[in-house]
């Protein structure tokens, strides 16, 4: 064999190897078709049981996926236990707020019984989020899979990257853009607040002395102000909860956006999508109006945004690991 022929064969081999690695590093809806064919059924059953026991859990599981993907990418770093210096669970956006970790434990145990050491915790979060939306009356989609679990948490990232209910709109948009998401994603993913509850501590700043004005937030419906003041009295510990989407608390629909049109968004970060000066410039106001009139368009954009979010910097191939226990590295 000539040197030229050998070099050509070697080049073809290297090209094939690179193509193989690239293809196998991409997420795919059929990732576990051979290695764990029943994983979707196993996860669905556990999510159904969790929501049956507590309807709010659907919103909590959806939120876990969101809070995970915004920090280090979708790598299940949020699930790692640790102390206040290491675990993302201690970040302000998660402490005494992020919940559903025990449900993820149950799902992981059931999946391990079906196929040990195969399915990542990051993928379980993605599947559980999809099932939570579907089982709450929302749309479904084929979840792209193949993520691996991260080896380190990032508490500083969790403290700065996650959008907060007190952030101005431009800051929220910027945090989304930092992870590759756009304004449509901001509004459609905010629509996840069509289910779930929020603690008084996340919105009681709007009820009395808003921004030092001495009065409640003027963008909040006055009748709702009185109701919320009774729930979140000035001496409370801030732990009482109110529905994020009044009159449609447990149903995944477009009612959340109808609330915004009527000044009944619970969080400041919800209402500013429609009522702030920045909302008009950023076009979030137009999107709110559009979604309030079209459930189908909201569902379509929400699905697209969830898929995009699930693709934020996933670990694939030989990166990371497949945790046996979602709370700790192997």
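Using N, Cα and C of the backbone, Cβ positions are placed for all residues, glycine too.
The substrate binding site annotation in TrEMBL covers 163.
Look at TrEMBL and you will find 194, 245, 253 tagged as Ca(2+) 2 binding site.
Neighbour count (other Cβ atoms within 10 Å of the Cβ, all protein chains): 19 for residue 36 (disulfide bond). The disulfide bond feature in TrEMBL is assigned to 36-115 (among others).
For 69-74 (among others), the entry in TrEMBL reads disulfide bond.
Residues annotated as disulfide bond in TrEMBL: 121-326 (among others). Residue density at residue 326 (disulfide bond): 22 other Cβ atoms are found within 10 A of its Cβ, drawing on all protein chains shown.
Counting only residues at least six positions away in the same chain, the Cβ atoms of 228, 231, 232, 236, 238, 239, 240, 241, 242 sit under 8 Å from the Cβ of residue 200 (disulfide bond). TrEMBL lists 200-232 (among others) with the feature disulfide bond.
Feature annotation from TrEMBL assigns domain 'Plant heme peroxidase family profile' to 26-330.
Look at TrEMBL and you will find 63 tagged as site 'Transition state stabilizer'. Its Cβ placed at the centre, residue 63 (site 'Transition state stabilizer') has 22 other Cβ atoms within 10 Å.
The transmembrane segment annotation in TrEMBL covers 7-27.
Within its own chain, residue 245 (Ca(2+) 2 binding site) has 193, 194, 195, 196, 255, 256, 259, 266 as residues 6 or more apart in sequence whose C-beta sits under 8 angstroms from its own.
Listed in sequence order, 76, 79, 104, 108, 149, 323, 326 are the same-chain residues six or more apart from residue 121 (disulfide bond) with CB atoms under 8 A from its CB. Note on proximity: among 74, 163, 253, the recorded positions of the record, the Cα nearest residue 115 (disulfide bond) is that of 74. Neighbours of the Ca(2+) 2 site: apart from 194, 245, 253, residues of the same chain with C-beta atoms within 8 angstroms of the site's C-beta centroid are 191, 193, 195, 248, 249, 251, 252, 254, 255, 256.
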